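To start, the structure itself, in structure tokens.
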Ligand code: LLP
């Protein structure tokens, strides 16, 4: 459920007209709804009240500091994968003691900064990373809290590019090797073994793979306890899917009920790293029709948003819903359009074969664009990245100004004469 609805034929974010947002801030622009972010976060927080649980929003989904701040104010933790994401969390008022540091290529300077600010835990993905972390912690005279990200070898049944829990994926430690590597971690003087972590993929629309992964982690935890290693938390990663079209993903409450059933009588706490299920349907991308180009073969609507602004359709053939901002267009009736951007690539489209009534100048909203939208944007074709706006009730706030060519060129230099 989100707060993007029509009122008198015009699309609003909460109580704010998106036509007004486009008039004020231009297009393409990402627009987020604060009430939706809060609703989605609460869906997790309220589902797990009966067992100690840390919800760590996955910053990579949408990392604007205003977005992170809304979550920080609600007590959310954060899952990060780089020092850049950590700095964003700190700037947004997030509590470092609720930060999980994931990712398989952590550099020494990133580990150092994370240790200095006192994060909750490092999710470690290889033996080599354990040695590096132990060394960095030792040089600071600190103990590093660690979990191992294990690869439980379950099929998340999602797109191959975003499925991460199979043994052929680059992520995590083979669960069969895990006991030995936990013993290694336990023997290193500057590591404090805290937890077990896994993340099996993204946009999962079934709970079965999560439950299978959880069962495999439980077996591992029992094996670890036999060799004297006590696990304090289990982090099941992110991955719960959202509705883009006709998917019917489970609600956090259904997920919680099944997991809580399994943890009854267990001492460890839980952690989750949801990204998409909090951010995706809390944002839209506004774009404007520049030209209509109708040929014998196809009708194209050339829009001002492109693959550099929103790469999911080009990269994953992802289907994103595209709807008019104003239901009364001056177009001459519905036609089937491909919605394409101005970038010089055939793959530059946001939607194909959509029935829409369009005229040049019309505004469109790409729905479910709050996750992996702006964060995956680039400057390809030297296009300035979009503006970002957050709506809160009756008000819209600019939370990231549209980039300018000066921003793009800062740091570039000519060779000397
Ligand atoms: N934790 C870890 C370790 C992750 O790698 C990810 C996402 C998450 C949590 C959050 O997963 P979520 O709840 O958002 O599914 N760009 C792709 C998605 C890539 C996901 C990468 N990892 C897309 O646009 O579909």
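Using the three backbone atoms N, Cα and C, a Cβ is placed for every residue, glycine included.
What you see is a predicted model, and the numbers here were worked out from it, not measured in a lab.
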Pick the one from 239, 332, 333, 411 that TrEMBL also lists for the pyridoxal 5'-phosphate site with 273, 274, 275, 276, 372. 239
Given the binding-site residues 239, 274, 275, and counting only Cβ atoms in the protein chains shown, which has the most within 10 Å of its Cβ? 239
Summarise the model's confidence over the domain 'Orn/DAP/Arg decarboxylase 2 C-terminal' (30-370) as a mean pLDDT value. 96
Binding-site residues close to ligand 1 - of 239, 273, 275, 312, 345, only those whose C-beta is under 6 Å away: 239, 273, 275, 312
Cα proximity to residue 345 (substrate binding site), best match among binding-site residues 274, 275, 276, 372: 372
If I take the Cα of residue 274 (pyridoxal 5'-phosphate binding site) as reference, which of the recorded positions 60, 312, 316 has the closest Cα? 60
